[in-house]
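Chemist: Pasting in a structure now, in structure tokens, and then I'll have a few things to ask.
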Amino acid sequence: NWYRPVNLEQYVQLAVSGMKLQPICAKTSDGVRKYYGKEYAEEGAVFVDITLIPELQGVELHKKELHCGATVSIADLIEALEKHASASPSFTVVAEHLKRVAAVQIRSVASWAGNIMFNREFPEFQSDISTILAAAGTVFQVQCGLSTRHLTTKELIELQGDALLLSMKIPKLPAGCVFQTFKTSQRHVFAHAIVNLGAFIAFEQDGQTVQDARIVVAGATRTLLVAHETAAQLKGCKLIQAVLDKGLNTLRAEIAENPSPSQVNTPEYLSDLAASFLYKTFLAGQPSLTPQQRSALVPFIPADARPVSSGTESFGTAGSPVSQYIPKLTSKILASGEALFPSDFGVHSALFGQLVFSTSANAQLVALDVADALKLPGVRDFVGASAIPGLNCVNAPFGGENLAEKVFFEVGDVLPCVGAPLGIMVADTWKQARLAAKSVTQKYKPVGAVVASLDDAVRLRRSTLAVPAMGGVSSGGRRTGRREYVSEVNFGPGRKGAEREISNTFKTGAQYFFYMETQAACAFPADGDGWEVVVSDQDSNFTQQCLASIMGVPMHKINVKVPRAGGAYGGKLNRQMLTASAAVVAANKLRRPVRVQNERSDDMQMITGRQPMNFNYDVTFSNSGKVDSMTMNMVCDPGWFYGDLVGDMSMAVHWADNCYKYQTFKVKVNSAPTDTPHSTSMRAPGCMQSILAAEVAMEHVAKTLNEPLEVVQERNFYKEKDVTPFGDHIGQFGYNWTVPLLWSRIQIDTNYAQRKADVHAYNGANRWTKRGIALSPVKYVMDDSFYSSGATICIYSDGTVLVSSGGSEIGQGLNTKVACCVAETLDAPLDKVIVGPRETSKIPNNTGTGGSGTSECSAQAAIVAAQKLVPRLLPYRGEKSWEDVVSAAAAKDVPLLASGWWQASSTENANQYATQGAASCEVQIDVLTGELLVRRVDVLMDIGTQLDAAVDIGQLQGGFVQAMGYLTSEELKFGTDGTQLNADTWEYKVPSTYDVPLVFNVSLQKDTPNPTRVKGSKATAEPAMCLLPSVYLAVKHAIYAARVEVGLGDAWFNLNVPLTTEAIRSAVSVPQSELLLPH
């Protein structure tokens, strides 16, 4: 039921009627409510639109305060505060803080009052608005039944019973007071606070003695803390060191009385943040500060303090339209929302399904009760394992260990993890299906202790079978066969006596795919026992094979169709089978189309992504910095199932040398499974981490010798005619070698030496912010020999060209590259060429889309097909237009249909080529909070002759930022019971536009065509991701500068990944004794 009162009297009548009212302004809280256990409104709730009530509207500046109605949006409140900024020193501060609440779109419609009333409903909510308004001394007018009350923020949040917030009065604060607000979050914007603090300090007439004070904290405690005892410590005192020390201790004690239940951040970090904010408040209250200390008060993250990112793009061209700057051909319909994705299919014709997944790990399912769920409105059925007509196995065609993963696990099975599929609830709407899925009762019997972390798995000596040893390449020899998977490589004569030796264990975390479109599929019955399945998918052939096995039908009965996928990053190479198989099995039982799409938090609980990995390295080297031997033992966490492990771990080994020549190179990988969802290949799988580990080891060498890192890196580069441990001949057999050139050029182009000196000078002049700068190279080897791809081209009599490609468009611009290559080969206008959906009924047996090689292989298959059409059109060319040529040929019944198939060939090297590059990165950190700003990144890449400058540069930029996210803000955490603790957008933070480097320059090396591949091109996105060491090393450089000033010295230290705000703050380890005021 909905009501829309037009005055307060009408609302009061509803309030006293006994109905369960839920006031609504913009209803944006629905996006957060689910994270606090209330995804849906309470049964019987009556929604009341309060936006037309006059008493809740308007903003007015009065003599003593700013009066603001409860339905005023956050954006309008910001505008009013800035308009009247001169009236109170607090107004600008509040306005700036509000710009870090939610996002522009939400602030434009959401009311400030909704945020506070949400905090009232959920006291543990870390509300920025409650914190800063409480610190400002705001008083709220609240309607309670027939009476009106005036309450402080804390009183309002703790108020019992029904209430309607009418308005607030933000008082004008006295001139000369200190009013400060602070916020640290996992991501710069659109993220809740880890801790926020608001502080108000007013002085006596002497301008030094504290007359009044308010300190308010959220996030560090379970509920909003108005720190009365801390404020009392300040009153009557001057802001001197002794008062600060006492205040810090008191604040920590008040926090400890009601600590935060956070499982994401440690209590120590939360307390340190609050203490740091109080210290910054004291600094703001000092008559003067030294230049070094002023840096503590300079915001470098929020709002207007952070300019829009800028950058340059540089590239050469070698054809048309190939290599030109061609925006993605579907960019306009993608931007307008008109492009169709698999999740758009069946919305008006299909039933809706939602997966039921296990809620316990390493436990036997003893009962599954769906009775109550089936009674809910709109629910059609529960579909479980008994409804599967074929094999209950996701990967049955591939046999072996793959047989362990079921489509639906059953009663009696031991569930390997939280997130294993048990069945699917089908209903008339998505909401009904989801509510039903969450209403299924599961009962378990524990089998053993749950192992949820890689460290625990290593400690318990859990292990899986190692992947096969490398074959086909002899040490230092030429390629003798197709490269096989490898778990271990031994190269060189073995370790000799060395002048220096270091060893360390370096740890890297996991990463969720975070594709924009979660796993989605829609199954439509076709003739007889056939099916058309629209899937958000990277490997349609794999999906087709598996679905045929599950349904017990031949492959030709299954047509898998991919119009486009809303992102994938490896997450849809096989994980799409969870939704695709469920949709088909349910549709088969109900004989109706069924669509399935995971809700984001469910998707994260069921599917992880990149594997956590530990690296144990031992390096010997000379006093000159020349590395003699590298021994690296890698251990990864595949989750409960290791079917996807071999390829990723083989890549980790094959890429581990990066750009460096080792006389002896010994690398080995093992796995230690946990009771968590099994991980799978994610962009630059394994190798992104092993390349980072190689750079960590190189930095360890440089620091040990007190040599510049970039000098040690260059000293160990491969040279032409060197042979890698994997049989690649550097600079020979088509394997060009440009890293030394790129390394030299990026230092010159970025004025690196001068900027490094500038960073050193900045660090000497600033105590509480530090900068760092670093370089890193990449050699990203590519072996395309396992790719095979098909294409079909139809030219219609009006001149339009339809291409069917074997590759899936997953956002990487594959279809645009294919269209460019077809247009250039046919000499046809690009706007006449369209690449249609990927369908297995049109292109069978295609290799999956992944590994950064599919675009070029799909393009080459299309070129092969187009080349067959060129001679057929040649007799009709003359001076005619393209349309006239085609029309004339069609009139003569010339066959304007052709197919092409292409498989990449081998070369003398184990890998056909390497994409190469170098990056420079400059960062700045807040020493007191751990916050990070990436000030500038320069990327210089040799990608041969790019197929499309716009698409390839975009892929380089996007890949680099995705890697930055992995390195900094993205952290997957599991509880001891195997449940993912941050399986939602509330806690898991991918980079935002405010996390993109302030200056981001990308250049493509010109005139370096790849002699072995399509149109002279090379792979793009994944190689750029492996330049993330530049960011890591720059952050570490900044941390070194901070550690020196807190007495930890300049010695090497280990720094694991991710570099969250807590990790950076902990690495600096600022003791409270260092929080000093000027003398």
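Quick reminder: no glycine exception, Cβ is built from N, Cα and C everywhere.
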Chemist: Need one residue: from Leu133, Leu165, Leu166, Leu197, the one TrEMBL lists with Ser111, Trp112, Ala113, Gly114, Asn115, Lys183 for FAD.
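Modeler: According to TrEMBL, the candidate sharing the FAD site with Ser111, Trp112, Ala113, Gly114, Asn115, Lys183 is Leu165.
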Chemist: Cα-Cα, whole number of Å: Gln538 (Mo-molybdopterin binding site) versus Glu1022 (active site, proton acceptor)?
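Modeler: So the alpha carbons of Gln538 (Mo-molybdopterin binding site) and Glu1022 (active site, proton acceptor) sit roughly 16 Å from each other.
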Chemist: So if I draw a 10 Å sphere around the Cβ of Gly851 (Mo-molybdopterin binding site), how many other Cβ atoms end up inside it?
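Modeler: Excluding its own Cβ, the number within 10 Å is 23.
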Chemist: Using a 10 Å radius around its CB, how many other CB atoms surround Ser111 (FAD binding site)?
Modeler: 25
Chemist: Give the mean pLDDT for the domain 'FAD-binding PCMH-type' (1-175) on the 0 to 100 scale.
Modeler: 95
Chemist: With a radius of 8 angstroms around the mean position of the C-beta atoms of Gln538, Arg683, Gly851, what other residues of the same chain does the Mo-molybdopterin site pick up?
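Modeler: Surrounding the site, in chain order, are Ala568, Tyr569, Gly570, Leu573, Ser681, Met682, Pro685, Gly848, Thr849, Gly850, Ser852, Thr854, Glu1022.
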Chemist: From the Cα of Arg683 (Mo-molybdopterin binding site) across to the Cα of Glu1022 (active site, proton acceptor), what is the distance in angstrom?
Modeler: 6
Chemist: Taking Lys183, Arg683 as the binding-site residues to compare, which has the smallest set of other Cβ atoms within 10 Å?
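Modeler: Arg683, out of the binding-site residues Lys183, Arg683, has the fewest neighbouring Cβ atoms within 10 Å.
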Chemist: Helix, strand or coil for Gly114 (FAD binding site)? Use DSSP.
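Modeler: In the DSSP reduction, Gly114 (FAD binding site) maps to helix.
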Chemist: Taking each of the binding-site residues Asn115, Gln538 in turn and counting other Cβ atoms within 10 Å of its Cβ, which one has the fewest?
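Modeler: Result for the binding-site residues Asn115, Gln538: minimum number of other Cβ atoms within 10 Å at Asn115.
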